[in-house]
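Going by Swiss-Prot, these are the annotated features:
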DOMAIN    55-160  domain 'Cadherin 1'
DOMAIN    161-269  domain 'Cadherin 2'
DOMAIN    270-384  domain 'Cadherin 3'
DOMAIN    385-487  domain 'Cadherin 4'
DOMAIN    488-606  domain 'Cadherin 5'
CARBOHYD  ASN256  N-linked glycosylation site
CARBOHYD  ASN438  N-linked glycosylation site
CARBOHYD  ASN456  N-linked glycosylation site
CARBOHYD  ASN534  N-linked glycosylation site
TOPO_DOM  55-613  topological domain 'Extracellular'
TRANSMEM  614-634  transmembrane segment
Amino acid sequence: MTIHQFLLLFLFWVCLPHFCSPEIMFRRTPVPQQRILSSRVPRSDGKILHRQKRGWMWNQFFLLEEYTGSDYQYVGKLHSDQDKGDGSLKYILSGDGAGTLFIIDEKTGDIHATRRIDREEKAFYTLRAQAINRRTLRPVEPESEFVIKIHDINDNEPTFPEEIYTASVPEMSVVGTSVVQVTATDADDPSYGNSARVIYSILQGQPYFSVEPETGIIRTALPNMNRENREQYQVVIQAKDMGGQMGGLSGTTTVNITLTDVNDNPPRFPQNTIHLRVLESSPVGTAIGSVKATDADTGKNAEVEYRIIDGDGTDMFDIVTEKDTQEGIITVKKPLDYESRRLYTLKVEAENTHVDPRFYYLGPFKDTTIVKISIEDVDEPPVFSRSSYLFEVHEDIEVGTIIGTVMARDPDSISSPIRFSLDRHTDLDRIFNIHSGNGSLYTSKPLDRELSQWHNLTVIAAEINNPKETTRVAVFVRILDVNDNAPQFAVFYDTFVCENARPGQLIQTISAVDKDDPLGGQKFFFSLAAVNPNFTVQDNEDNTARILTRKNGFNRHEISTYLLPVVISDNDYPIQSSTGTLTIRVCACDSQGNMQSCSAEALLLPAGLSTGALIAILLCIIILLVIVVLFAALKRQRKKEPLILSKEDIRDNIVSYNDEGGGEEDTQAFDIGTLRNPAAIEEKKLRRDIIPETLFIPRRTPTAPDNTDVRDFINERLKEHDLDPTAPPYDSLATYAYEGNDSIAESLSSLESGTTEGDQNYDYLREWGPRFNKLAEMYGGGESDKDS
């Protein structure tokens, strides 16, 4: 609540006691007061009982809202006509806000409000009152209902549902055109005074707009407001209660008004004359430039349609309106030729597509401009006299025959000689060739229609002065047919004749094919090369013929196969013919003529044995052979003697060492089994680098028993070899034929050694890493022992 509202409320309460008294404020309603009524009821003993109706005595209560006093606000008083004033009655209040918002004095019946009440939250309260006897606690009056009405004060200002409104109105509108209506609401009681009567006024936005005081309708106040000059307006509207009088509360809102566009501006070209250039080689449909007329309007009101209305280039050029950019795109309509014409003039018009009749007086809504188009010369490629060529030639022409000529010219003002060539990608077999000077196309190989009926060639014409300028043209060569192929059998015929055949029996129907394609279609004739006593040919005159028997019965044991030469000829010029040989087998047939066996096949198959049975027999024979081979292979395997007798025996086991050396191709593996079987030792080969003085026969030791321990056996053999005089010396110089880098370590051999063991220093062994520590300790320890 504002300070202004609070002062008004305070003045109202100060003046209130002078104008009204409690009796006036809490005046009894027009409802008649309940009176005490009596009625007589006869008793059974003849006495008459009197029953009295008692009634409440109270006023209808009114309470002023927004009370700001420090004490409880007095509402009114409840009183019963049974109350004698001795305090014997007790008043009880129930209903809306009883005990919280409203309290009652139990003895006097006075009702008070405990806090400030807002009528806008609740306009009236319904309560119930009851009076009981304090001693008996029985009601002396029936419970009755009453209403406390809240009197309104002007404590609410008018409010708008929206803080900011958005509205629009067409530009160029007449005065008084409705824009938008704003409505404010006042929460005060409209039936009590002028607290809720709202009047509208405009605080900002004059002189362009006005508002109706009673309705809040905003209207235009100036005529012909132009959007192109100003588009946005901000209007502030005030709503004030108390009928707009002094002391009324008010609220404001903002209305943003936009002037919408109307078509009140025609299109205008920025230039009277526009110059464009285009190459004469530009293909049809090429965009050569654009024109654009400006329109101050927006949206559909600025849409423009372009057209060519006059000029000498109306047949050569066209214009298309681009909807997105509102430009007129000028395109090539027909092929251009610099040598024919070098300059064209067009008159282009731009016109609005949507015109508002209300603004015809501002028209016309169109404009024109002149477009001059200059054609620029380019070095054009040669031009053929036709877009394509078709030549027809018979397939039997001689090599080198001219089949046709192509012609081309240079369209430039300064013409250049033309050179012709064939695109070899279209003539991979090089069947054709072309004269480079005059364009004559001729054959370089024989033609064959049966291999290819059409040849699609590409001829290239290029300027001699500028070989990059080339043109291609398609040349179609159709090969015409010549009767150069003889007819042949259509398929291979497997023909048989039954032994019991009779004369005139049909055994085969034959047909023929020809690779040629005569104009009148194929027509073949069939006949025998010579008279045959066994068979004859009957021509059906439909490019087929029937093979018939001429005698009664055939014997396959005497003659199993007959060869019948048949002559097939065509009717084209020159006539072509060929002889096809028909192989006829003699077969045994049943009474129905169905073949049972023929020629050699009958001799191989026994009587009554079918082909399926023969296949089954062959499969059984193959299976038996496989079983025999497998059994023989198993029998040939011999059981080898095991070398390892127990898990502890490590003989012939693989032991892996981290040694480097030659592979299997460079080294010869030692067979430890030879320790147990000395007879398996290979003969010792003499070394080439040592010449022995005496040759000794190697000693042979007996074979060790199988149960001999390996260690004892090796020690025994080692002792024998130590005592063997034929064994080579331990220190001997061996020369190997391979190349390699020298070792940084000196030779450990005593041969060819320039120092003795005592003079050799082995300290460098310690520098070789941890793997050689043991070796360094062995040699280092020897020196220390010797010194000690």
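Positions of Cβ are set from backbone N, Cα and C atoms, glycine also.
Structural mapping of features recorded in Swiss-Prot.
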residue: ASN256; record: N-linked glycosylation site; contacts (Cβ under 8 Å, 6+ apart): ILE164, TYR165, THR166, ALA167, GLN232, TYR233, GLN234, VAL235
residue: ASN438; record: N-linked glycosylation site; contacts (Cβ under 8 Å, 6+ apart): THR405, PHE420
residue: ASN456; record: N-linked glycosylation site; contacts (Cβ under 8 Å, 6+ apart): THR426, ALA474, VAL475, PHE476, VAL477
residue: ASN534; record: N-linked glycosylation site; contacts (Cβ under 8 Å, 6+ apart): THR549, ARG550, LYS551, PHE554, TYR562, LEU564
Could you break down the residues of the domain 'Cadherin 5' (488-606) into DSSP helix, strand and coil, giving a count for each?
6 helix, 57 strand, 56 coil
Could you tell me how many residues in the domain 'Cadherin 4' (385-487) are helical, how many are strand and how many are coil under DSSP?
3 helix, 46 strand, 54 coil
